[in-house]
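For reference, the structure is listed below as C-alpha cells.
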Amino acid sequence: MTSEQQSITITHKPEARLSAMPRRILGAMLVVATSIAANGAQASPAPQIQAVSWLVVDADSGKTLAEHNVSARREPASLTKLMTAYLALDALKQGTLRWDEKVEIAADDIASVGNDEARMYLAPGQRVQVRDLVRGLIVASANDAALVLAKRIGGSPAGFAKRMNDAAQRLGMRDSHFVSPSGITTPDHYSTAHDLSILARHLNQDFPEFYTFSSQQHFEYGKFAKTNKNRLLRADPTVDGMKTGHTNAAGWCMVVTAKRGVAGSHAKHRVIAVLLGEPTEKQRLADAKRLLDWGFASLGGEHPAANVARRADPQAGERRSAESARML
C-alpha cells in the first residue's frame, strides 16, 4: 500500500474498546479518514495529453494541479483574444467605453482581414454597438471585431499592442509578447501555457461577466451566424468558457473552464485547463475533457452526470450556416 493509498482502519473487535474511546478522538479519526478518502483521487496520475504544452489549475487557489512544458513560448492563435477581451472589459469598467456605444467601421480598420479568417463581416461605414463587437470577439472569434475594438481602445494597432504588453507585465505574464489583437500569425507574438492560465484567472476574478459571452453557443449578427468552437459547451453543462484557437503555426489550442462541486465545500469550485499545440481539433476536445475531469477528481470533485440537462443557450433560436475560417 502506497502512502497515497493509506487509510485509517478501525478494528471492530473488541467493540467495548471502541465504544469506550473518547468521542473527541473518534471524531478526529473519522474526520481524517474522510479527508483521505476525499483526496484519494490524487493518487491517480495525470492523463496522457497530446498537446505540446498544457496545465490544469485550481482557479480559486491558483494551485497548479498538473503541468507539462508550461514555459515553452508558443503562438497563442485566437487565445490572444482573451487579452483583447480583458482590455475591452477593463475599458468598460473604467467608463472609457460603453456597452451601447456605436463604433463606426473605417475601411482601414478591417482591410487586413483575409477571406480565410474568422470574422463577423463588418463593412466600412457600418455603426456597430460595442456589445456586439465583444460578443463577436468572444463567441465567433471575429478578427474584424478584434481590430475594431483595438483601434477604439488603443487609438492605433501599435497603441493597443502597447496596452496588451503593459497589461501582461502588470498581471505577471513574464513570457508573453503581443503584437496583434486577433492572434493571427505574426512575428514576435507569443505566450505560454503558464501565462495564459494567469490571464484566465484574472478574467475569472476581475470580470466574471466574461462568462456571459463565453458560455454562449451561438453568435448571430445580421445575416451572419456561427457556432462557438468550444464544443464542450454542448457536451458538458458545467463548462462555461473560455476560448479556442487555431493556426497552422500554433496548432489546435484551448483555454477551457468548468465549475463543479467538490468534497468538503458547499460552493462550486472552478478549474481551468490550458492546452497549446494539439495535433487535431478532435484531440483538443478529448484532452480538454480529460484535464478538466482529472483536475476535479484530484480535488475530490464530481464528474458531470450524463443525464444532466444541457445548458440553455441564450443565443439559441434561428440558426444559419456560417462560413468556416482558418482562425477558430
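Note: Cβ is positioned from N, Cα and C throughout, glycine not excepted.
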Note to self: Which range is it, out of 41-64, 113-136, 257-280, 305-328, that shows up in TrEMBL as region 'Disordered'?
What the structure shows: 305-328
Notebook entry, point to check: Around Lys81 (active site, proton acceptor), which residues of its chain at least 6 apart sit with Cβ under 8 Å of its Cβ?
Noted result: Leu137, Ile138, Ser141, Ala146, Pro181, Ser182, Gly183, Lys243, Gly245
Margin query: Please give me the CB contact count at 10 A for Ser141 (active site), counting all chains in the structure.
Written below: 31
